[in-house]
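S.K.: Sharing a structure here in structure tokens format.
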Amino acid sequence: MPHRARDTVLEPPELRARREFPVAWAGAGPQHPGMIRKAPKSDAAPPAKGVIAVAPPSFRRERALLKRGIWPVAGCDEAGRGPLAGPVVAAAVVLDPKRIPKGLDDSKKLTAEKREALFEEICATASFAVAYASPARIERDNILRASLWALARAVQALPEPPKHVFVDGRDKIITPCDCDAVIGGDALVLSIAAASIIAKVARDRLMCRLAEDCPGYGFDHHKGYGVPEHLAALDRLGPTKHHRKLFAPVAAAWDKHAPGERETAAAPPDLFGLSASA
């Protein structure tokens with residue numbers, strides 16, 4: 001039976017180092033496995049105090065498991081918890097240790113152009129799966145449970161069941177194998193970083209398609225987030241079937257455009273499925 005992995009949530013050594021040593025030297029020389037670089041051995045002037053050199057995500061956790069014969073190892077992340085419209089999109093990725101795309105990082109640190117390029121590289125070299133939690137599921141389960149459900153579904157949809165899973169954040173997901181929750185994992189674990197890119201690009205592309213279905217809301221620009229342009233459209237046009245009606249700005253728009261109907265309106269069915277590729 002599926003079970004939850006160990007109850008403890010890992011605090012990565014990188015984050016512990018950053019918490020315990022808030023000021024660090026940055027410069028040339030061998031890089032510490034975590035987020036702190038050692039003081040330069042050269043005579044070059046040190047950088048200003050308070051600067052922390054942040055290393056890119058690494059493959060060391062996955063490689064350690066691979067050396068123990070534990071493989072495949074999947075990284076999981078989601079995109080779209082905060083928007084007022086559209087689904088939460090979750091991705092699970094198993095990187096090929098011999099064909100890891102260069103430049104993988106937390107999707108939030110990358111430009112849209114770089115994310116798109118890496119998305120194509122990941123799809124061409126890795127196994128992955130994408131799952132969607134629709135606004136209907138978010139309304140039924142709440143945003144956290146819907147997100148965890150989508151993450152678990154993405155893992156289940158992988159072409160080959162993983163033997164270990166790393167998931168971004170504090171919350172583990174229910175899997176048939178061990179699962180480690182890694183706080184800040186999209187900036188620390190390479191497989192999670194890859195999953196963050198897949199989830200982000202998949203969701204952005206979906207929101208651009210929804211913009212064609214719902215003109216006037218600007219979904220292709222803000223991707224459903226509560227920016228002034230979106231709030232103005234909600235106030236002017238009212239909510240669509242893609243909006244999350246329990247989120248406060250959407251609820252206010254419901255009450256303005258259809259008083260009394262928000263609680264009785266039937267939630268639309270799940271409009272999104274899942275996809276996977278080896």
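For all residues, glycine too, the Cβ spot is worked out from N, Cα and C.
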S.K.: According to Swiss-Prot, Asp77, Glu78 bind divalent metal cation; which of Asp141, Asp168, Asp171 is also listed for that site?
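M.R.: The one candidate that Swiss-Prot places in that divalent metal cation site: Asp168.
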S.K.: Taking the mean position of the Cβ atoms of Asp77, Glu78, Asp168 as the divalent metal cation site, which residues outside that list, in the same chain, have a Cβ no more than 8 Å away, listed in sequence order?
M.R.: Cys76, Ala79, Ala90, Ala91, Leu151, Val167, Gly169, Gly185, Asp186, Ile192, Ala195, Ser196, Ala199
S.K.: Provide the number of Cβ atoms within 10 Å of the Cβ of Asp77 (divalent metal cation binding site), excluding the reference atom itself.
M.R.: 30
S.K.: What mean pLDDT does the predicted model reach across the domain 'RNase H type-2' (71-259)?
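M.R.: The predicted confidence over the domain 'RNase H type-2' (71-259), as a mean pLDDT, is 97.
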